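Asks: Below is one structure. I have some questions about it.
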């Protein structure tokens, strides 16, 4: 017998004596146990379980209810998507026809509102050109004595209709015509007695000459502006008195001296002087 075989038998015999199990036998035992555990679990899983009929029926009804609810949610989602596709910029829930209707009617409504606003302003406003360029032909031409009196004082100039027209034309060349327009508007406003007209005209004057957004805003100090803002809470014929006095003083101190030295005034005076001997 070969030596290797004898050594192997001796080792196996010695392991058997001391009660030990070879490594290969241990692995076989572990595999057998695993297979038995797997077979038991498979048997338990495949064994038929007895279930209460009522419980089965309830579970079926619940499953059917969940399915119906899912269908309903999907229908709502589709409806919401359809609304979103048809919605316009005015409301999220309107349909396509509603959007078209609003888009057609909205310009008409806005146009009507603009026309109403313009008509209201037209009724509330008064003709500030009564002594302006448009009515220069209706104003009587100034006489030589009147033109000479304008040089005596600013009050003389402003008390004469022809003098106000000539002075306003000069202010146009200096881009300060709004001062004369505002003063004339205040003169007419102080004569108003109707409460409704006072409120409407006060708003027009404020928007045209006091508001910082107006292109014809006049130059007023903060104190006068604060007084006007308080007066506008309850407008009266005296709402713009302080502002009118300030603009009058500004024209007297600033624009009036330049007008007296301007070619416009000198040419008018010379032309009337030349016509005087002939008459």
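Keep in mind that glycine also has a Cβ here, set from the backbone N, Cα and C atoms.
Curation does not apply to TrEMBL; its annotations are automatic.
What TrEMBL shows for this protein is this:
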COMPBIAS  35-53  compositional bias 'Polar residues'
COMPBIAS  54-78  compositional bias 'Low complexity'
DOMAIN    153-269  domain 'RGS'
REGION    16-78  region 'Disordered'
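For each feature listed, report its degree of burial, its nearest neighbours and the pertinent distances within the displayed model.
Replies: Mean pLDDT of the predicted structure over the domain 'RGS' (153-269): 95.
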Asks: Is it possible to list how many residues within the domain 'RGS' (153-269) are helical, extended or coil according to DSSP?
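Replies: Going through the domain 'RGS' (153-269) residue by residue, I get 85 helix, 0 strand, 32 coil.
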